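To start, the structure under review is shown below, and the notes come after it.
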């Protein structure tokens, strides 16, 4: 019976791993496709806003299932959301940062190939590590620090001689793309650690926290639409340029944002690292087929180093502060003989 439960648990973890990998790889490639193939380019700021709205509805639905009844759901929303302006203000910080990060993803994938983006975006790992050390006062093992430097080296090789896509005819600015990724990884590291700190500072439900964050996120992204594309949105419409592919990208972004919470709860760092590496491989293969990506030696070596470093970074840390029973016994015997 216990073996059956273990098998179910393993199957569920594999399911989580598969879905997470496919969502990450497909989102990157699909977003790249919508930004380089379509003739009527949609407003990326509106897509980010719609994503926040969809995630809000998903979170309310999951919280309703957790609450068990409509009355409990309404009570929870009144107490923790509408009756807690301070908490809303607290969650507005990661909302603002995540909104900037998501918009930068659109800018980056408008100017860089999906595979190059996927590899370079892994710089979020050292950025998150640094924020974890500074904000949560945690320490990293020597292997983790080594993997961080290896990852940076791999990304440097990828950028040294970037792979080129032969089937993309739109004008691109690689330096703008790399700058957008730099902003995105900084945002990802800070917002992720900040949100983790907020989550662990109280017993409030994850989905309540998500609702607080998405409400703030909607306000922030609507302001972004007004500032960045306000005049054009009024002229052409909020959903100008939207196709089935654009809605598919928005759906993937919404599911991916929520699914991360489930993956963090039910899987470990090794599986998340394997997922990230697999997403890099899938994005590269898709880019070769769809966009005519021409791989270079430096790109291949750099991508390989990034995949290996992700695996090393996720390896469980060995606690060397405690003496194992066998070691303690042998030490005692040596003292007795002396």
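Using N, Cα and C of the backbone, Cβ positions are placed for all residues, glycine too.
Just so you know, TrEMBL annotations never went through curation; they're auto-generated.
Listed in TrEMBL:
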TRANSMEM  12-30  transmembrane segment
TRANSMEM  42-64  transmembrane segment
TRANSMEM  143-160  transmembrane segment
TRANSMEM  175-195  transmembrane segment
TRANSMEM  207-227  transmembrane segment
TRANSMEM  239-262  transmembrane segment
TRANSMEM  274-293  transmembrane segment
TRANSMEM  299-315  transmembrane segment
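Each of 42-64, 143-160, 175-195, 299-315 was scored by its Cβ pairs under 8 Å to the transmembrane segment (239-262), and the highest score goes to 42-64. When Cβ-Cβ distances under 8 Å to the transmembrane segment (143-160) are tallied for each of 12-30, 42-64, 175-195, 207-227, 299-315, the top count falls to 299-315. Within the chain carrying the transmembrane segment (207-227), a Cβ under 8 angstroms from the stretch's Cβ atoms is held by residues 43, 45-46, 48-49, 52-53, 55-56, 59-60, 62-63, 66, 76-77, 80-81, 84, 87-88, 90-92, 94-96, 98-99, 103, 195, 198-199, 233, 238, 258, 261, all 6 or more beyond its ends.
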